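Per TrEMBL, the feature domain 'Amino acid permease/ SLC12A' maps to 71-533. According to TrEMBL, the transmembrane segment annotation covers 105-133, 153-174, 180-202, 214-232, 252-277, 298-319, 353-373, 400-421, 427-450, 471-494, 506-527.
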Amino acid sequence: MSDIEKGSAGSHDKETRVDAATLPAYEAGSVAEAQQEDFMTRNGLNLASFKPRRFHTGDGTEIERTMKSRHLHMIAIGGSIGAGFFVGSGKALHNGGPASLLIDFAIIGVMMFNVVYALGELAVMFPVTGGFYTYSTRFIDPSWGFAMGWNYVFQWAIVLPLELTVCGFTVGYWNQDISVAVWITIFLVAIIIINVFGTLGYAEEEFWASAFKLGATVVFLIICLVMVLGGGPKGSRYDHYTGAALWYSPGAFANGFRGFCSCFVTAAFAFSGTELVGLAAAEAKNPVKSLPGAIKQVFWRITLFYILGLFFVGLLIPYDDENLLGANPFINVNASPFVLVGKYANLTGFDSFMNVVILVSVLSLGVSCVYGGSRTLTALAQQGYAPKIFTYVDRSNRPLFSVLAIIAFGPLAYVNLAAAGPTVFDWLLSLSGLAALFTWGSICLSHIRFRKAWALKGHSVEEIPFRAAGGVWGSWLGLVLVVLVLIAQFYVAICPPGGGFNTVEGFFVQYLALPVVIVFWIGGFIWKRTSWLRVDQIDVDTGRREHDWESINAYQAELAAMPAWKRWFHKLFV
C-alpha cells in the first residue's frame, strides 16, 4: 500500500465519517431529477423552467453540475479579461509610465498565481458554490466570512455597470451621434439573454469568448512585434525601428513613486475574476479531474495576456498620449492603448478589430458579473446570511432571484450620461479593484489556516490530491503582497500622482472599499456574534469530498513512468 493510501486509510479510521445528511446539497441533491427535464425546461426556454427545483437547501449548492473541462480551462485562461486590461491599462500607463505598468502587473500576477493555486487546493477538497466566502467562514471567522461574501457580491454588482459603461463608449468609436444609453441597453439585454440559459449559457459563452480573446491577443502580439521592429506601413509611427525609445523619451516612469503605486488598483481590477475558475469548479462534472489543469492555465494567461501584451503597449504608446484614459478630462472613445496601436500604425480595420475584441471581452465579463455575484448571493442565503428568497433555484438550475438582484445594478451605467462620466468610472474602478484584494487575501489566509488545522487533526499533505504549487509559503507571499498593495493604494489615496495631497472626496474615491468591508464585518459580528476561530475549532471534515485514491495513485504512477519532458508538460499544462 502506498503512503497516500495509508494516510487516507488512517484518516478514515481516526476521524468520524461525515453523515450524508450533513454533506453539501451537491452531494445529496438528486441530479438525476434535473437530467430528466425536457430540453426547453433544462435550458430555461419555457415558463415551466421558472418553477422551483425540489432539492433540499443545504450548505452547498442546488445547482446541477453541467460544466465541462473545456469550459473550466477557457474560463481560467481568458474569462476575466475585460475593461481593466484593455481600457483601464491606458490610465495606468498614463499615471505610472510603461515600467510601472509592467512591474505592477507582474507583482499582481505573482500574487494571483499563488491565490489561484491556494484556491484550487481548497476547491478540490471542498467544491462548494460561493466558496470564497464559505472558506473564510470555515477557516477564519464567520463574521469575516459574512463580510467577504457580501463584499464579493458587492464587487460584481459594481463591476456590471462599469463593463456596460465601457461598452457604451467603445461603440462610440464608430458612431458618436447615437446616445450611449442605446448601447448600454443593448448590451444589458444581451447579458440578460445569456443568463436565461443558466450555467450552461455562461460556460459556453465564456468558452467561445475566451477562445476569441486568446486568438486576438496572439494576433495583437505578433503585429506589435512587427511594429516595434519597424515593419509598420510607410508614413505610420512604426515605419522605422523604435525598440525601447519610449522608455527613454518621455520615459519609463511617470509621476515617480506616486505613479508607481497608482497602477496597483488598475492591475487589481484587471485581474478581478481570475478566481472565478474556483467558483465554477463547484458546477463542473468532475472538479478533481478538470480543476487542476484549469488552474495551471492561469500562469499562461498572466504571462501571455498581461505581461507580454502590456510590455508591447509600453513600447508603442507614450504615457503622455492625450488619448489615454486619464490624460483627457472626458472619457475618450480612443482610450484603449490596444486600439491606439492599430490607429497609429495606419492598419486599416485593425483598430476596429481591437474594438470588437474589447466589446466581446466586456460583454463576457458582464456575464461573469452576474454569474459570480448570483452564486455567492445564493450561498449567503443558504447559510442564513441573506434573505431566504435568494435560495430559490429554478428547474433550469438558475438561482433566479439572485441573478435578478445582480442584474438590477446594471442600470447604474446610465449615470455615464452625465457630464461627470470619468468620475463615475473612477469610483467604480476603485471600488471593484480594492474589493478583489480583500477576497484574494482571504483565500490565502483560508488556505494557510486550513493547512494548519489539517496537520493538527493528524492529516498529511499527501492526502490532498491537488496541492498549491507554493504550498503554505506561496499563500503567505500572496497575503503579504495583498497587504503591500493595500498600503500602496492608501498612500496614493492621500498623495495622488499629480502631486500635493488629496481632498476628502479624492481619498474616498481611491479607498472607499476599505470602509465598505469594515461595515460588512461589523454587520456580520452584530448579526452572528462570532469571533476569530482557534485552529482546534476549525472543521476540516464536514462536506469534504471523498476522493478515488486508487485512480489518483494509478495516475501518479503513470506520471512517474513518463520521460522528464512529458512530466514537465503535465506539471505545467495538464
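Cβ atoms are placed via backbone N, Cα and C, with glycine included.
TrEMBL: automatically predicted annotations, no manual curation.
Residues belonging to the domain 'Amino acid permease/ SLC12A' (71-533) score a mean pLDDT of 84 in the model. Proximity of the transmembrane segment (252-277) to the transmembrane segment (298-319) is established through 3 or more Cβ-Cβ distances under 8 Å for residue pairs spaced 6 or more apart. Fewer than three CB pairs closer than 8 A are found between the transmembrane segment (214-232) and the transmembrane segment (506-527), and contact between the two stretches is not assigned (pairs 6 or more residues apart). Listed as Cβ neighbours of the transmembrane segment (298-319) (distance under 8 Å, sequence separation of 6 or more from its ends, same chain) are residues 76-78, 81, 85, 89-90, 93-94, 96-99, 101-102, 105-106, 109, 112-113, 116, 213-214, 217-218, 220-221, 224-225, 227-228, 237-238, 242-244, 246-247, 250-251, 254, 270-271, 274, 277, 337-338, 340-341, 344, 572. The stretch from 105-133, 153-174, 400-421, 427-450, 471-494 with the most CB pairs below 8 A to the transmembrane segment (506-527) is 427-450.
The transmembrane segment (471-494) makes no contact with the transmembrane segment (180-202): fewer than 3 of their CB pairs lie within 8 A, with pairs spaced 6 or more apart in sequence. Residues of the same chain lying 6 or more positions beyond the ends of the transmembrane segment (353-373) and with a Cβ under 8 Å from any Cβ of it are 79-83, 85-87, 152-153, 155-157, 159-160, 163-164, 166-167, 170-171, 173-174, 187, 190-191, 194-195, 199, 202, 205-206, 209-210, 212-213, 216-217, 220, 273, 276, 279-280, 336, 338-339, 341-342, 402-403, 405-407. Within its own chain, the transmembrane segment (400-421) is flanked in space by residues 50, 153, 156-158, 160-162, 164-165, 168-169, 179-181, 184, 188, 191-192, 195, 330-331, 369-370, 373-375, 377-378, 381, 389-390, 392-394, which lie at least six positions past its ends and keep a Cβ under 8 Å from the stretch. Sequence-distant contacts of the transmembrane segment (153-174) (same chain, at least 6 residues past either end, Cβ-Cβ under 8 Å): 82-83, 87, 180-181, 183-184, 187-188, 191, 272, 331-336, 339, 351-352, 355, 358-359, 362-363, 365-366, 368-370, 372-373, 376-377, 380, 405-407, 409-413, 415-416, 421, 424-425, 428-429, 431-432, 435-436, 439, 516, 520.
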